[in-house]
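Student: Provided herewith is a single structure, encoded as structure tokens, for subsequent inquiry.
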Amino acid sequence: MYLYRLHKNIHLTISLLSLLLLFAVITFWGGSNSKLILFTQDIVTLILLFSLTVQIKEYIRKNKISFLSLTFAVASLLGILLMTIWFAQMFMDQLIQKLNSEISIFSFTSNLIGTVYLFLFAFGTAAVFVVLKEFYFSRRTKFNPIYFRLLIIFGILSAVSFTLFKDFNESISIGFMVVTILLIIQNSLGISWIAFLTKREKYKLLIISVVITILASVLIGYTSSETLHAKTLMTYSIGFYKLSVLVLTYAIIYFGVLLFTVLFHLPTAEAFDRKAEEVSSLHLFSSLINQVLDFDELADTITDLTRKVSGADASWFVLKNNSDFHTISQKNISANDVDAINNYLLHSGDCKSLNKAKICSLEKTIVKNSLSEQFSSVIIAPLRTQSEIKGYLIAARKSGLLFFEDEAKAINAFSDYASIALENSRLLKESIEKERLEKELDVAREMQKKLLPASDPDLKEIQICSVFIPAFEVGGDFYDFYTDKKEEFSFVIGDVAGKGISAAFVMAEVKGIFESLTKILSSPKEILFKANQILARTLHRKNFVSALYGKINIARSEFEFARAGHCPAILIRDGELFTYQPKGLALGLDFTESFSDNLEEVKITLEKNDTLIFYTDGITESKNKFNEDFGESRFIDAIKTHSHKNVNQIAQEIISQISLFTNDSTQYDDITLLILRWNKN
């Protein structure tokens, strides 16, 4: 930045010093015919032009001014210069003559005014030249600066030759001038940047080119005649006078060629604009594929770009869901017209096996009479994902205008991009939903882990083993042990209907209810009944909880339990297996008195080495790769086979049998197993 400012200040200083030097030369040696003085004036003026050219070029590059803005700036500048000449002719000539005739000091004033006048035209000449240079080097496929450099060299030679060779044959100066004009013509041909302008910009450029050509021609007329303007310029520098004529000639020739080039490009401007719009839209859309995440926003973008790409009056986006069609987004068309055209296109059968964009005429159809606007032609393009049609892009034109095949191809290419974008959006939405569910599951697993006992109670009379294997999606299994009461051991095992975070919340609530009721009630039946009453206020109708609550009176060797829709209890005594399945509805299914009426309590007197087994349906419903259940029979066989072992070994063998059966198949439900062995005589 510092170097740029220093560079800028140097050229500004050079410009000011050049002006001061010119002013001094004119003041002290004005009117001299000395070749040295005249040549000095030419050199100083050329230095001024060079410094102005550099500053203007840097300004244009820094601000990245468009071609159209540059042409408008040239027209404005030429207009200002022409007005300055008119003003000078009307007022300045008489004023300067009057001042010079009255007091000699006023020659200083006239010289100062003349210097400012020269600077204004030097700035204008430099600006026009820089713009022409920018145009010459713009969008050229081959960079060949030789012709432009030759133009500069011969232009300078043409300018200074009139001073250097004025006493000799003028043919030298004329020769340089002719070569310069030929180079101007050469450099004015091959204008390529105009092709990249839109139709509207080409029309603007056409008008501005006419204005510039006229203004430059008028200025040449004033510059090449015996006017105050010509005399003033030649007083300061004959070389600059000739150079300004050459730059104006360059402007006339270049913008004249530009004028005819614009006229040549106008017939194809609309087609070029459409192709440029297609490329721009496809480029924009390719970036939107990874940037736009919201489906609705993406649908609106697709619809809007479809209209622009095809040059249509209206467009809409239809999404297919099974056999139904839903309009997701629409532009410049009413909902009724969309429905009418959709019914005609999508339910007539013509579009069921559509492989690419198709042009359909609405003329002479029944649907045209029902439309609020006179749409005459439509393009319909399928949106395919994995060889399956997911929707359609539709564009429509009115006023009898039809679509053409190249427009259908453009829409077809665009629909391919749209299909990818929509699929990406869908996959992203699924990914976000999956991530959300996984976070929910993590919370549910953490809740379940904290709610379950950290370890099994260590009791002298009872050997206890608990096994809990959570499913990937939390299933709602829970169990707990209660040893607060003296000479009494209680427990609960249950399963909340549902999965995930909702099941975990219900599980936490139910566990808290049992923990509270155990402290104030003793009967398993009464505890289940009260738990059901409490849940009536909070449990959703679709939720229910299966549970089995048991109590062992250690002093009396009695086991009492009640079951609320849970899996049966199993007793192993002397190698023989007994199944207990007393009546009982699951918690939350019925909140009337019938719940209590259907609740049955069972009492068993325990004998030494009796083994009690309680479980959830995750064991019996474990599936293998053939979708077969592990089932009650396999479960009972496993128990019988290993019933002589200790509780930990029994549990280990049962889980091993389940693992062998499922053979690493996905576990869809929690597995919970409680085994109690009575050790007291």
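Cβ atoms here come from the backbone N, Cα and C positions, even for glycine.
Okay, these came from TrEMBL:
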type: TRANSMEM; residues: 12-30; note: transmembrane segment
type: TRANSMEM; residues: 36-54; note: transmembrane segment
type: TRANSMEM; residues: 66-88; note: transmembrane segment
type: TRANSMEM; residues: 108-132; note: transmembrane segment
type: TRANSMEM; residues: 144-165; note: transmembrane segment
type: TRANSMEM; residues: 171-196; note: transmembrane segment
type: TRANSMEM; residues: 203-223; note: transmembrane segment
type: TRANSMEM; residues: 243-266; note: transmembrane segment
type: COILED; residues: 420-447; note: coiled coil
type: DOMAIN; residues: 459-678; note: domain 'PPM-type phosphatase'
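For each listed feature, how buried is it and what is near it?
Tutor: When Cβ-Cβ distances below 8 Å are used as the criterion, the transmembrane segment (66-88) is approached by residues 60, 117, 120-121, 124, 127-128, 131, 134-135, 138, 193, 197, 201, 204-205, 208-209, 211-212, 215-216, 218-219, 222, 227-229, 232, 251, 255 of the same chain, each at least six residues removed from its ends.
Long-range contacts of the transmembrane segment (203-223) within the same chain: residues 67-68, 71-72, 74-75, 78-79, 81-82, 85, 194, 197, 229-230, 233, 241, 244-245, 248-249, 251-252, 255-256, 258-259, 262-263, 266, each at least 6 residues beyond the stretch ends and with a Cβ under 8 Å from a Cβ of the stretch.
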Student: Report the mean pLDDT of the predicted model across the domain 'PPM-type phosphatase' (459-678), rounded to a whole number.
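Tutor: 91, rounded to a whole number.
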